[in-house]
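Swiss-Prot annotations:
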- 13-24: compositional bias 'Low complexity' (COMPBIAS)
- Cys216: active site, for beta-ketoacyl synthase activity (ACT_SITE)
- His351: active site, for beta-ketoacyl synthase activity (ACT_SITE)
- His391: active site, for beta-ketoacyl synthase activity (ACT_SITE)
- Ser667: active site, for malonyltransferase activity (ACT_SITE)
- His972: active site, proton acceptor (ACT_SITE)
- 1141-1262: region 'Required for homotetramer formation' (REGION)
- 1701-1710: compositional bias 'Low complexity' (COMPBIAS)
Amino acid sequence: MEVHGDEVLSVDSGVSTPPSTGSGFRRPLETPGTEIGNLNLNPQNEVAVVGMACRLAGGNNSPEELWQSILNRKDASGEIPSMRWEPYYRRDIRNPKILDQTTKRGYFLDHVENFDAAFFGVSPKEAEQMDPQQRLSLEVTWEALEDAGIPPQSLSGSETAVFMGVNSDDYSKLLLEDIPNVEAWMGIGTAYCGVPNRISYHLNLMGPSTAVDAACASSLVAIHHGRQAILQGESEVAIVGGVNALCGPGLTRVLDKAGATSTEGRCLSFDEDAKGYGRGEGAAVVILKRLSTAIRDGDHIRAIIKGSAVAQDGKTNGIMAPNAKAQELVAWNALRTAGVDPLTVGYVEAHATSTPLGDPTEVSAVSAVYGKGRPEGNPCFIGSVKPNVGHLEAGAGAVGFIKAVMAVEKAIFPPQTNLKRLNSRIDWGQAGVKVVQETLEWPGNEDDVRRAGVCSYGYGGTVSHAIIEEFAQQLQRPTTNTTDEDPLPRILLLSAPQERRLALQARTQASWIAAEGRNRTLESIATTLSTRRGHHDYRAAIIAENHDDAVQKLSDIVNGKAAEWTTSSRVLDASCSKDVVWVFSGHGAQWTAMATDLLKDIVFYQTISRLDPIVEREMGFSALHSLASGDFESSIKVQVLTYLVQVGLAAILRSKGLEPQAVIGHSVGEIAASVAAGCLTAEEGALIVTRRANLYRRVMGAGAMVLVNIPFVDMEKELQGRTDLVAAIDSSPSSCVVSGATEAVLALVEDLKSRGVNAFRVKTDIPFHHPMLDQLSEPLREAMAGSLSPRKPRVRLYSTSAEDPRSMVARDIYYWTSNMVNPVRLTAAVQAAVDDGLRLFLEVSSHPIVSHSVRETMLDLGVEDFTVTNTMARNKPADKTILSSIAQLHCRGAVVNWKKQLPGPWALDVPLTTWDHKPYWRHIHTGPISASTLHDVDKHTLLGQRVPVAGETTMVFTTQMDDQTKPFPGSHPLHGSEIVPAAALVNTFLHATGATTLSNITLRVPVAISQPRDIQVVVSQNQIKICSRLTQKAGSGADEGSWLTHTTGQWEAGGSKNAPAQLDIAAIKARLANNKLADNFSIDYLDKVGVSAMGFPWAVTEHYGTLQEMIARVDVAPDVPATSPLPWDAASWAPILDAATSVGSTLFFDQPRLRMPAHIHGVQVYTTQPPLKVGYLYVEKAGDRDLAVHVSVCDELGTVLARFESMRFSEIEGTPGSNGSEESLVHQLAWPPAIYSEKPLTINNVVLVSRDKNVADLYCGSLKDRVSSITVLDAAADLLSLSQDSSSVLQAKDTAVVYVPGPLHSADSIPTAAHSFLMELLLLVKIIVNGSLPTKVFVLTDRVCESESATALAQSPIHGVSRIIAAEHPDQWGGLIDVETPGQFPLETMKYVQEADNIRISDGIPRIARLRPLPRDKLLPPSKQTSLLPRPESTYLITGGLGALGLEVAQFLVEKGARRLILVSRRALPPRREWADILADASSSLAPALETIQALEAQGATVHTLAVDISSPDAAPQLAVAIDSLSLPPVRGVVHAAGVLDSQLVLSATSDSVERVLAPKITGALVLGTVFPPKALDFFMLFSSCGQLLGFPGQASYASGNAFLDAFATSRRHQGDNAVAVQWTSWRSLGMAASTDFINAELASKGITDITRDEGFRAWMHISKYDIDQAAVLRSLAFEADEPLPTPILTDIAVRKAGSASSADAPSAAPKETNEMPESIPERRTWLDERIRDCVARVLQLGSSDEVDSKAALSDLGVDSVMTVSLRGQLQKTLGVKVPPTLTWSCPTVSHLVGWFLEKMGN
């Protein structure tokens, strides 16, 4: 149907009509003093329903489909989809039986998991974490807005309100109860508020956005709130509705228990057999506006909300029991608000939940309000939609509301579904209300207004009611007949957020236009698509003359065929202007029939008619006649008619909604351009062109013009000095037009042809723009005297006559004489427009004559994304070419006011957006949860639930394992991946079989723990094996995923056949007395070869051995007293067997390698008793194999309890220390010599910035004669004025800006100077970056690496920030150089050392930073290897002591023997008497600190806390006094762990933000240094960070402070202190750099990982063994053999994989096969585009890179901050180019990234 603002289509239903209720039955309210009259319509206080949409069970995906289902009495109930409850069947062994007894029928969507995530720019990962209710609401809201004719994008930034009813948290429970797999986005993804907030977020709405939970009344309450928001002026538009999704069984079980649900899962409203309701799911959304606004906007007003009310039913018989009186009162309140007599209400849509109590109660309330007082035979009709689509609970009210609106709108009472016998508990005879049992026409006279009531109630007591009525002012009119439509062509628009969707939209529209759409005019369809639909970034447009033409062209789009009058493209990039430049060309566009079509256009005809009298008066001919006849016999007439056609075309364009934002005129076209820009009236322009044309008669035949393929500048040089010929028009970078005397022009043409240069005569006999025309200047000035009143242009106007194209010179008569004589500088004008960001050009002429020149200029300027089009073309229909040009510009993003072109009615039923759904459902991996089905980790086996198998000889144990359920207590990493120890697998075999004899055990593939696995242990006659596969994801078939066999073996039933052997322990020890090994020999050996941790906590307490045999006394639980029970199942053999496999592997210690068991010939257990806590291991070399041993496990008397027979090891490829050993964890900076580049950096100019004149003078002297210029500035601020000078050296690429902080003469001013130096450098960088200057920044510091002076300490923070600047702004950063001889300018180093952020010159040699293992020559003697550990008799102080990391340090120190601690913090703890209350409050932020302190005290430690802000300069005496007051033994160790993390980018850093971060680091360290002078402490540990070494973006301040700590530690070492700065990586879940998804991704992008608490303190212990001032604690990731490193500092510690095997678990969007980058630029672009899209697809977990739009913003595709970091890593790995962290900020799309990589890789 087609709708004007005052029209709707009537419906001919062909149904019977009951008696009229009449208007004479109105009566007053039963409230004293209040009456309801028949109030007049007040558009200001009424709310209109302008749009509706729904998605409901039974395929009811629109209100119209719902209406048809209601009329057809369809019941959409059915079985719940099987996948919904599947996770709950696995969660508890009791669940299956209970769930089988729970109602499984209801009203379900076929695919509630489906969502068009890409449409909304949501990544698959985030979509999976979004409640289906949020997804449904997004899509249905979009549909409702389109139904309302409101382009969703048009609401952006508006105060549109969103109120959505929601109260199901099924999906939230599903996700958030899966504790190990909870992720950050699940919070908002499953919150109630996420439903409305998602809508507001994606549509950029700024009005109220609220989730409404009033149980089953929620959505009608939401409609009430929306109405109020509009009437109170909060919002102009309200999006209201409700949603429900049934994702879990919990609430269904509750409702079953409460008796609310029907066992059949069906609703039987008002029926005798109603015993409860069937739950339903779906969404319903309604769009509301103030009535006056809707009328103003020409909206289709479907109904009016006259009034609404919400209340509560108070204290009833039970909170869920209904209250008829409350239902009556809320209805009366709604009627009072509406000013409506209840007797005028013809229909009530009831809540009608089909419950035995609910239906009778509700009918009695409806009867009391609407039935009382009605005459017999005139009842109020009642019905309910629930039997059709179920009870949607939070969405129920909105669904009932939609049904009521449809009934009012269509004037029909629809029949009630599932009604066989009326409920006998209701007195229908006296009720005055009647259930609709057959379809009825709405009764009444012509003047009666149709009204309906809507009821909705919540089981918590909320009652709500709404009154709606038809919009009676809308006139009824029949469907428009298309046969009367004018045959003019129309533009039909399509759009989509991704290119591939255009075909989907085209197919939908083509199908509809070919069928139902034939009943709509093509104009109404065009109006809808242009003015009532949103316009996405990918656009298509067709010019169609009729329906068949439209269908054909749309089909061509579907089939990918190019067709005339069809255009499609993406809008210009967001960084480009969408403004349109109108280009008015000059002479040469004319053709005979150029005005034939134009004169049919009323706008064109009227424009020419208005100017024709001027032409006739001035020229003596009729312009109308000449245009109609095609009479262009002379150049003079062409001049005039060209102007008129251009002015007429401009008028047509404006009438069709296109306006210029900039204008260029070419030659005579400048006159029309000035008119279009508003400088002249059309009449003034006509006077100029006619009077000048008359003067041209004097020079007719005097000359000629020729277009030549030679650049204008070159032609000027060639013709220099000649007067007969001039270069007259600069057409394009490769061509120009020459004007002059005819003979000279002809001669030039012949000459050019002889030289092979193309030359083309221009059809004219007047030498335009030649000096000979200057003779006409004075006559023209006289002729135009007093005729012009030029004004300033309303839009940008570029001149082609003036030398400066941006000249604002008045368009007076002097301008027009210059225009006649001067050269035409078109190229310069186009270039100026391009420089101003313009990319869309429209040639306004009868034929394109400069479009090619404009394109050529654009390409010459390197612009690739642009459009040049034209209004007309020779022999093409003008109406279509004009529309086509507008369509092309629209498709590129130009603004078109479509309502000017299409002001008529719009068609309501044009299809809505076509969705491209994909399933997104979180598959839960953690089940089973029940202890009866999951393996017991304390038994150290993988035996889970035993599954019966047909036959008697096979049994299968199944379980699932992840890092939370690994069957061993410790850690067992191998090459960075944790695996199950072999001992746990053998133990599994023993317990699964019950055997004591195993044989032929083959350990094929380790069982990895990195991802959740399904495990099977299969036991058959005498065989056993362990198999696994990765736990299957959602959507995978049951049989998908390969099973991998890890370990196989054989077993024998019965006990041991041999008696246990007896070993002579004493004799073995005596034999090996001279070969005593350290107790920790095995642990240290394994640590060095790469086994950094043990799966079990055994310890060797006595060890002897040679290469042939070993004996070791082992305690499997050294921390457990002998009298205490073990912390695991006592029957487990795994702990002692793990010691056996581990110690056994060390027998070959002369060939240190990483080895693991590969095969065990036999395992024998000789005892039925549990293994002992303490026993002996005897290892013998097996004679039959080089790498095989026998291991006997015996008690302390030598009785053998178990034995490994011939255990063979295999060597594992890898680097010692590569998988988590302390050697791979702890590093130190080394400074190897730098490698000089073969291509030095060009530096010809140096700008020195230094406040120290002496330093500046020294460096200037050193630079003399080595560079072209030296500029000295006192401060960075001076750079600003210099940068604004276009001629300054700062505009040159060969300029280096060098900052030199001055010396410091007093240590007291270190904090102030450090802050000053830092801010100076940051200001300097900001000026260069913000000014887009091509220069590079360098910094020279004075021996900071030696850290022996106050100057060095003050300058040290610069060493930290420098790497951050390099990371954030790599193109502007040159480098930091720490010089050893101040005054000697390191120019050669700056030029030749280019791949280092920081450089140190030592011994005259430039050196670069590399991390390397701690040097062996710094290893302390064994007696001193506890240099960083506490002594019981001393006191230890920790700053930041109440922070998470500080508390962990406290626990570690107590574990290592400390008994007195002082925890320093800025905050004071409350008195001890309050601790109990605080600890009882689980939400208290203090509770963790108090709990830790109490735990430490329980271990025998004394803990004091001091509230001292050590960042304060006067903190030293305060701290000293506070420590003395405690009367403790001397403080012998200090850990400075205080700090503030305030992530800010370099460009955002402020003085205050920097100081806030620096103070705890710098001032804090200096305060501690004052309180504890050198040599006063056993150790002084400063907690720094590795961020300043690797260049983490956003850490400018933090890196600076930590760099100071590094230097301070070195300085204290020089003074004899045992000081060390530890540059930590992120601690997992601890401290300021606690691991988050973002931090982990950032670490990975730098090639490192985080560490655990245990690893951190193992590193501490390791550092304690060395005499060093700094240590970096981090672990390298494993890189492919040829993979580039993300930062060179890792070069010497990076772990390289031994091959390049791809992971079996890689995402489906795998990278394309790598090949060489092509040579040509276009091929390179394609090559890069493919690879970058692959990377984005992998990060987003998309199935194909085809789903990645190169032009779309990465953020719109769903790339969040965490994914951005991952993307950088993918790009670096794929393309081998170092990617700065800020790249995606400056390059927000794939296309931008292609350009960046093209430049980088091209260099």
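Any Cβ shown, glycine's included, is placed from N, Cα and C.
Taking only the Cα positions, the spacing between the residue listed as 'active site, for malonyltransferase activity' and His351 (active site, for beta-ketoacyl synthase activity) is 75 angstrom. Residue counts for the region 'Required for homotetramer formation' (1141-1262) under DSSP (helix as H, G, I; strand as E, B; rest coil) come to 22 helix, 50 strand, 50 coil.
There are 25 other Cβ atoms within 10 Å of the Cβ belonging to the residue listed as 'active site, for malonyltransferase activity'. When secondary structure is read from DSSP and collapsed to three states, Cys216 (active site, for beta-ketoacyl synthase activity) falls in the strand class. According to its DSSP assignment, His391 (active site, for beta-ketoacyl synthase activity) is in a strand. Neighbour density at the Cβ, taken as the number of other Cβ atoms within 10 Å, is lowest among the active-site residues His351, His391, His972 for His972. The distance from the Cα of His351 (active site, for beta-ketoacyl synthase activity) to the Cα of Cys216 (active site, for beta-ketoacyl synthase activity) comes to 9 Å. Look at His351 (active site, for beta-ketoacyl synthase activity): DSSP puts it in coil. Residue environment of Cys216 (active site, for beta-ketoacyl synthase activity) contains 28 other Cβ atoms, counted within 10 Å of its Cβ in all protein chains. Cα of Cys216 (active site, for beta-ketoacyl synthase activity) to Cα of His391 (active site, for beta-ketoacyl synthase activity): a span of 8 Å. Taking the C-alpha positions, the distance from His972 (active site, proton acceptor) to His391 (active site, for beta-ketoacyl synthase activity) comes to 54 Å. When secondary structure is read from DSSP and collapsed to three states, Ser667 (active site, for malonyltransferase activity) falls in the coil class.
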